[in-house]
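S.K.: Below are the features I grabbed from TrEMBL:
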TRANSMEM  B:438-463  transmembrane segment
TRANSMEM  B:470-490  transmembrane segment
TRANSMEM  B:496-514  transmembrane segment
TRANSMEM  B:570-588  transmembrane segment
TRANSMEM  B:669-686  transmembrane segment
TRANSMEM  B:706-723  transmembrane segment
TRANSMEM  B:744-762  transmembrane segment
TRANSMEM  B:839-858  transmembrane segment
TRANSMEM  B:865-882  transmembrane segment
TRANSMEM  B:956-975  transmembrane segment
TRANSMEM  B:1018-1036  transmembrane segment
TRANSMEM  B:1056-1074  transmembrane segment
Amino acid sequence: MWDHEIRAMASTHAIIAASVFMATVLPAALVPGFSVYGTHLLWIYATSGAVTAVSVAVFWLLGVTPPTKKHTLGYKLSRLLRSCLYFFLSCLFFHTVVVLYGAPLIESALETFSLAVLLTSLTTLRCLCVLGPNVQAWIRVFSRHGAMSVWDTCLQITVACTVVGAWVGAFPIPLDWDRPWQVWPVSCSLGAMIGFLTGLVAAPVWIHYHRKQLTYKCK
Amino acid sequence: MKGLPVLSLLLWMCAVYFVGIYLFVGGFLLVRLEVNRTSTCGDVLQPGEEPGDFCRAEPRFRRAVLLIIDALKIDFARFDPNNTEPKPYENKLPVLEETVSFRPSHGRLYPFRADPPTTTMQRIKGFTTGSLPTFVDVGNNFASSAILEDNLIHQFGQVGKRVVFMGDDTWENLFPKRFHRSLPFPSFNVKDLHTVDNGILQHLYTTMVGDDWDVLVAHFLGVDHCGHRFGPDHPAMADKLTQMDGVIRSVIDRLHNDTLLVVMGDHGMTDTGDHGGESQKETDAAIFLYSPSPLFPTPPSQSEPDVVPQTDLVPTLALLLGVPIPYSNVGQVLLPLFPSHGQTEGAVGVPSQLEALWINAKQVNRFLETYSGMAKDIPPESLSQLKDEFSRLSSEYLSTVREGRSPSPKLAASLQAYLTSVRDTCRATWARFNPLKMAAGLAILAFACLTCFILSELSLVLIRENGPGLKAPVVVALMMGGCVAAGQLLTQGYIETAWCLAAAALSSELLFLWRARRSRTVTVANNGSKAPKYTSWLTPRSLLVPPLLVPLLRCASLLSDSYVIAEGRAVTFLVFSLALYIPIHLNWDGLLLPPSHDPLKAAGLLPSAALSPSTVRKESSTLLGCLGLLIGSLYLSLSFHGCREEQGSCQPSPFLSPLSRLQDSQLKNLHYILSVCSLGLWTYLLRRCLRHYGNLNSSGGTVFTARWILPLLSVSLGLHWAVSATPEDSFRNLAELISLAQLALPRAAFFLLALGLLLIWLDPLTVFVKTRAPATARGPSLPPPRYRASTGISPQAELHHLIPQIYQRMRRSLDDGEVSGGGEADNRPAVEAYGLGTVYSAPLLLFCGLLGIGLLLLHPEGMALSFLLLLLEMGALLHIHASSTTLSGLHGTYTGGFYVPWTPIVLWSLAATQFFHATGHLPTFPSIQWSAAFVGFPDGHTGTILPASLVTLNTFASHILFAVGCPLLLFWPLVCEVRGNRGGRACGEEGEDAVMEMRLRENPQQFSSALLQLSTRYLFILGAQVFASVCAAAILRRHLMVWKVFAPKLMFEASGFLVSSLSLLIGVTLVLRVDVAVGRWFKRLIPDASR
Ligand SMILES: [Zn+2]
Ligand SMILES: [Zn+2]
């Protein structure tokens, strides 16, 4: 029924995953001393930058983003500005949540904020791309009957996978293994990234196998 | 309602849990009584000699060097020249083999068998006291681990020997200030292989060359830590053992002729490098004895012992160094070190083998007599056997000595046999895990958890049909218990209570489960519609929902030492996650936001909203606001945590230290004001809540408590803090008054607390009935009250109509802001009842509040803030639960019962654990707040029960509060119900709707089943945690951390469960008590009204 859309989604996800891969591998080749653990913040910035750029480009090209009603430049500009604002607010939101979850308040604020940026670029940015700067719609999407299109279902899956991945990533921190990936926030950002990649794979697969049950009443 | 079945089922459930815990703990935590006597030189141990002679004789050795290489397994010490490809741990100590083969009369190597538990601390205790230490040595001071029993170090000190110690700092804790000189090094970091060893090596040789020592103890930790970190089969172990080989060589080179060298391990290790249990790999260490002067009178022969028990070192060293054998020793002298009879000429000051055995046997017999007088854990028949044997041996020995004839070799052999049998008896009593008991305890606990779960699922059936009731399980339990007792009496001659209890508990559980299963199939057959409800609860899909996943994670976290150490934060993390899950889940179901007018609903895809958008908006904002409050208090509560010693860079909360210890007076005042403010806020919030629901109008005992005792209690607590915070020297002339106040204020608070609780218990009703129209005015001229319509049908029917009426009147009068409700005299019914809507929750809330202040009295002052957070979190949880119940539309379906879902119950139980940590407690013995025992008793106690219960109350304060308050979860959605309805519903239905807790009264069966379900669910979660920590202790009994982390955790978890379940029973009983009182109240009211 939506074979076309599923195929588009799969290829989009492949591109995004490839960009994550490139953002991990390319700097390692170019920047001396780059490694996922050692220069973790750099890795976070590289990957979140890559994911942001590629997602925006791909979704814009695909035209998933809901078409704006007005085509004036001013309106588009204000939309862009609002998107940027939401992006920043979402970073702050994630930062607060992570601190409330028990991250150190002051000592590693930069690390925590970097994690928040990563989480934002993996989750909120996708919301922005698919739904536009509309918080009401975001909240609506995350309900049982809230998905209005294949892309909404895909958004549900990837966001849930990313958040759960980051949550699970916090588990190894208290263990006394003294591994480099147990340092804050490595395990959480790795968890989020692994969850995100899992979501990228899982979303088309799940939608493909459940396409019979999925009925989007209003497009 | 049926109170009795609820209570009896709960009692039975708790009893089964207790039996499980008792059995496991009985098999796992070995308990032994410490004997506090010490041996002295004056002990008459040799017949015919003068007392006091013992220490004066010149000993065989003047000095001794004890090199303890932690975890020196016997396999490490042996040397096999034919082994061409040695593993990393083989053939690395050639020095031992060289000495043994080239100088056989100077040194020998034996396997050295430790007794379980094979942990370093217990082993050090073992080879210094000669006893068999267990985990709980009763008489031990929990606050410090210092050895109070008689021991070698003490005896060395008594005769003036200078003991110099270096190495593992465990010794410093065990023998504080006993050493002439001590150089302890931190032993905690297992990853650190070298700090301790290098520290010793820096000082060892210089000390040996010097002359200010008689006994030198050096405890190396590298081998043990290497085992824990890499396992024995690792090149690092080879390096470490080679280093030890060099150390032993250098020490041997520096020995004098009058010095004895003992190289030994305290225990072995398994193939993974761990220890703690009782497998031979863990118990068999090595001991190497050496002296530059000939040590062994005879060449190695057949009579060499195959293996030397670890306790044997104590009497041997004592006799060789000329000190009395420590009082509690059960070891026997190592015979090859002593000359046999007739060989004594060469050696000076050495008792012959027979003499040594006799001194030893006499000391052991004396200990046995003292011990059996104090404790009864040694079986009486083996005790009497031992006594007979000793008296026979002593008469034989004495006659031999008196007649001066050469003793028969048989005598020495039978003395040895006597000593061996004493040690074996003691070992059987003290130093053996009882795997059978542990397994039985585990099984009972596992079945108890299952039973509890099924009980909570079947609660309605149980209450309604008396389905698989309690009678049969109890009868079967009694029968089985009796049978086992009789069987034991017949076969063994005495009864072991534990096994009778085990049989009883297990049989009753199994019978209950079997009957529950049968009744389930019957129910399913009878009632097809109910089938999915009962068949679906054990599928993995329904078990892996977050509300059950979170307790599962929590239980799993108890199996890891890191998580137990970080428990406070881990639990907060889980609470936070589950709290966030509530709105997310509601949103997923589309219930969080008011339904927008979209075609979805028109198409009938969404369930038609039962609540108006404004109600939904209001409830959602309440929910989110309370979530914020909950998260805020969760986050703030993190700053009240204490610190374990394992958490290196942790700073304990500044609020944990009592005010009197603060130096800065400004800071002190600030802390005091903060504490008093939070105490005042606590009191105010409670009263505010009660007043809000109209519970403060009547004149009963509970209201008196709320009006007067609650404020008085807080005032006396505030004064008590002020008095105890005054520096001792500031008001000299008032010193007497202050000390009087320190005694009187807390006692007055205790008294007030007891009085308040008693009053609540005696008169729990907070209903104020107002008969506005006098009896004469109730003539036919007045319009009859609406409830009159049902007069004469039946009291029940009348009740149904009466209560909403009464309730409505009350609400309306409150809304008008007038307590008297004077403006509605006409056309209104004559009876008004204030506070009927919260008749169940008000006394419970007040009970919790009072109890909270009482428990706060036992804490440091700063904890008032934490207690306030606890109250706020409780309130937030209750409101979140109420709002989510309203939002998910469970209100409309009261025919289905008042069930409390898993999420709030799990949150409630996790919050109890979280506040255990947030009130400064930790599951370790050193962190117990002993000062609680002296609140109101500054001069100490005479008994032990009172201080113990005070400390228990202090330790488990949050467990108590949350367990007593648990039934509030059932009431709160009903209490908050009115808010939603008043906002949105049409006023026409209000007569039937807004009855709050009177709904429970209308559906007594569902009330009881919901109460039963709530309490069993709470018990299930607590029980699952106990089960998990029991599993942790059983599975990880070899773990490095078992005695430091898991065993204390088990004890705290088990006692927490005990306290929680008792408190839960108190809470449930209070609810039932209120129910009885309400029933009486209605009986009084209805005849009046229907007249
Ligand atoms: Zn050890
Ligand atoms: Zn060890």
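The backbone N, Cα and C atoms fix where each Cβ goes, and this holds for glycine too.
Describe each of these features in terms of where it is and what it packs against.
M.R.: Using a Cβ-Cβ cut-off under 8 Å and counting only residues 6 or more beyond its ends in the same chain, the transmembrane segment (B:438-463) has close neighbours at 2, 5-6, 9, 13, 16-17, 19-28, 469, 499, 502, 505-506, 509-510, 512-513, 516, 519-520, 523, 534, 537, 897, 1005-1006, 1008-1010, 1012-1013, 1016-1017, 1019-1020, 1023-1024, 1026-1027, 1030-1031, 1034.
Non-local neighbours of the transmembrane segment (B:470-490) in the same chain are 5, 8-9, 12, 496, 499-501, 503-509, 511-512, 515; each lies 6+ residues outside the stretch with a CB under 8 Å from one of its CB atoms.
With a cut-off of 8 Å between Cβ atoms, the residues of this chain six or more beyond the transmembrane segment (B:570-588) that come close are 546-547, 550, 553-554, 557, 563, 623-624, 627, 630-631, 634, 637-638, 880, 884, 887-888, 903, 906-907, 910-911, 913-914, 917.
Within its own chain, the transmembrane segment (B:839-858) is flanked in space by residues 679, 682-683, 686, 689-690, 693, 695, 702, 705-706, 709-710, 713-714, 717, 720, 746, 749-750, 753, 756-757, 760, 764-767, 864, 867, 870-871, 874, 929, 932, 935, 950, 953-954, 957, 960-961, 964-965, 967-968, 971-972, 975, 997-998, 1000, 1067, 1070-1071, 1074-1075, 1078, which lie at least six positions past its ends and keep a Cβ under 8 Å from the stretch.
Panel annotation: around the transmembrane segment (B:865-882), residues 579, 582, 622-623, 626-627, 629-630, 633-634, 636-637, 640, 655, 674-675, 678-679, 681-682, 685-686, 848-849, 852, 855-856, 859, 900, 903-904, 907-908, 911, 915, 918-920, 958, 961-962, 965, 968-969, 972-973, 975-977 of the same chain, lying at least six beyond its termini, place a Cβ under 8 Å from a Cβ of the stretch.
Beyond the ends of the transmembrane segment (B:1056-1074), by six or more residues, the same chain brings 1, 3, 6-7, 10-11, 14, 17-18, 21, 760-761, 764-765, 839-840, 843-844, 847, 912, 916, 952, 956, 959-960, 962-967, 1011, 1015, 1018-1019, 1022-1023, 1025-1026 to within a C-beta distance below 8 angstroms of the stretch.
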S.K.: Residue list, the transmembrane segment (B:669-686) vs rest of chain: Cβ under 8 Å, 6 or more residues beyond ends.
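M.R.: Counting only partners 6 or more residues beyond its ends, the transmembrane segment (B:669-686) has Cβ contacts under 8 Å with 655, 659, 662, 706, 710-711, 714, 717-718, 721-722, 725, 845-846, 849, 852-853, 856, 861-862, 864-865, 867-868, 871, 875.
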